[in-house]
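Novice: Right, I'll just put the structure down here and ask away after.
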Amino acid sequence: MEYQSGKRVLSLSLGLIGLFSASAWASDSRTVSEPKTPSSCTTLKADSSTATSTIQKALNNCDQGKAVRLSAGSTSVFLSGPLSLPSGVSLLIDKGVTLRAVNNAKSFENAPSSCGVVDKNGKGCDAFITAVSTTNSGIYGPGTIDGQGGVKLQDKKVSWWELAADAKVKKLKQNTPRLIQINKSKNFTLYNVSLINSPNFHVVFSDGDGFTAWKTTIKTPSTARNTDGIDPMSSKNITIAYSNIATGDDNVAIKAYKGRAETRNISILHNDFGTGHGMSIGSETMGVYNVTVDDLKMNGTTNGLRIKSDKSAAGVVNGVRYSNVVMKNVAKPIVIDTVYEKKEGSNVPDWSDITFKDVTSETKGVVVLNGENAKKPIEVTMKNVKLTSDSTWQIKNVNVKK
């Protein structure tokens, strides 16, 4: 053991023993099983025209409990502007069929000239697919939804991703559309569908109760900024299972905001993560409870299992369990960081009952456990955590139990 720059740095390897049932650790209060694809109310055939009004009309006229089916016609691509899912109605995309967002910023603006620009706000675009106050709606594959994030916009000289990169340089915010935005909804399902090239976050489930992503594939280049995979925000009863997620930002980011509902009862089970920023909680952590991450494989993420926040957004995080996790080519396998960004604020993180069990990193990495408050250290339990012998641990204001 040695000390560097006021921090304790450890190099150690702890043996792994045994596995345990994922079902015993599931946190979603619902009984969740593999979804069943609903029957269709109508079938639309793709052609060369822009299909926004045709798809929206079919969705509006569809009976609850059924889906609008998108099938190949003279082409396999439906080109569309923003769509809204009604309550109880789903979208079904056939194998080999792609629902593709138009590459025109004006189509997504929610105020005159608000989308496709950089400013201090970053809220000028509608999502490609929106569901508000729905119950039992969903999106089903095995087809694909393509946000065209890397394609130059017809009414701009840049792509959505180039706009995001420009905003970073200018220290501003990009106005780019999310792929799927679900607000104040119950029991929303993503099943067996592929999501690619989102201009911004791929899926956001906000202020809702009941969300399932099962056999969902998300694939966007690692260089595409702010392209989170799935973000549950101020919501409860979430299951993400048997899915593959590779993005340019957090693969999954669980968030809880001030003045809104707590985020609780989250199950992340049997998933594979490729490139991205990892399995994250935060940076908004104002009430996150009862999270289970079990049977997760990660290869090539910058971070592995991460809880992040700062003085502006920290709060209570309690009851987080990571188990049966295998990582490879992950620079920082475990990160618990209360000073993720140097923002102003008076919030004190209260993080406790965080358990890592049967967690392996097969390649060299750095574990960062960084507490902000010596009087209220973070409580972490580690059992059977295995790192390579040349990995290092950085610990400050954190109580580690074995």
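Residue 1 is the first one shown; counting continues down the chain.
Placement of Cβ uses the backbone N, Cα and C atoms for every residue, glycine included.
What you are looking at is a predicted structure, and each value in this text was computed from that prediction instead of being measured.
Got these off Swiss-Prot a minute ago, pasting:
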- 1-23: signal peptide (SIGNAL)
- Cys41-Cys62: disulfide bond (DISULFID)
- Cys115-Cys125: disulfide bond (DISULFID)
- Asp249: active site, proton donor (ACT_SITE)
- His277: active site (ACT_SITE)
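How buried are the listed features, and what sits near them?
Specialist: Counting every protein chain shown, 22 other Cβ atoms lie within 10 Å of the Cβ of Cys62 (disulfide bond).
Packing around Cys125 (disulfide bond) is summarised by its Cβ count: 25 other Cβ atoms lie within 10 angstroms of its Cβ, all protein chains included. In three-state terms derived from DSSP, Cys125 (disulfide bond) belongs to an extended strand segment.
The DSSP secondary structure for Asp249 (active site, proton donor) is coil.
There are 25 other CB atoms within 10 A of the CB of His277 (active site), with all protein chains counted. When secondary structure is read from DSSP and collapsed to three states, His277 (active site) falls in the coil class.
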Novice: If you compare CA-to-CA distances from Cys125 (disulfide bond) to each of the recorded positions Cys41, Cys62, Asp249, His277, which comes out shortest?
Specialist: Asp249
Novice: Have a look at the recorded positions Cys41, Cys62, Asp249, His277 and say which one has the shortest Cα distance to Cys115 (disulfide bond).
Specialist: Asp249
Novice: State which of the following disulfide-bonded residues has the fewest other Cβ atoms within 10 Å around its Cβ: Cys41, Cys115.
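Specialist: If we count Cβ atoms within 10 Å for the disulfide-bonded residues Cys41, Cys115, the smallest count is at Cys41.
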Novice: When a 10 Å sphere is centred on the Cβ of Asp249 (active site, proton donor), how many other Cβ atoms does it contain?
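Specialist: I get 23 for this one.
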Novice: Give the helix, strand or coil assignment DSSP yields for Cys41 (disulfide bond).
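Specialist: Where Cys41 (disulfide bond) sits, the three-state DSSP reduction gives strand.
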Novice: Measure from the CA atom of Cys62 (disulfide bond) to the CA atom of Asp249 (active site, proton donor) and give the result in Å, rounded to a whole number.
Specialist: 36
Novice: How many Å lie between the Cα of His277 (active site) and the Cα of Cys62 (disulfide bond)?
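Specialist: Each residue's Cα considered, His277 (active site) and Cys62 (disulfide bond) end up 39 Å apart.
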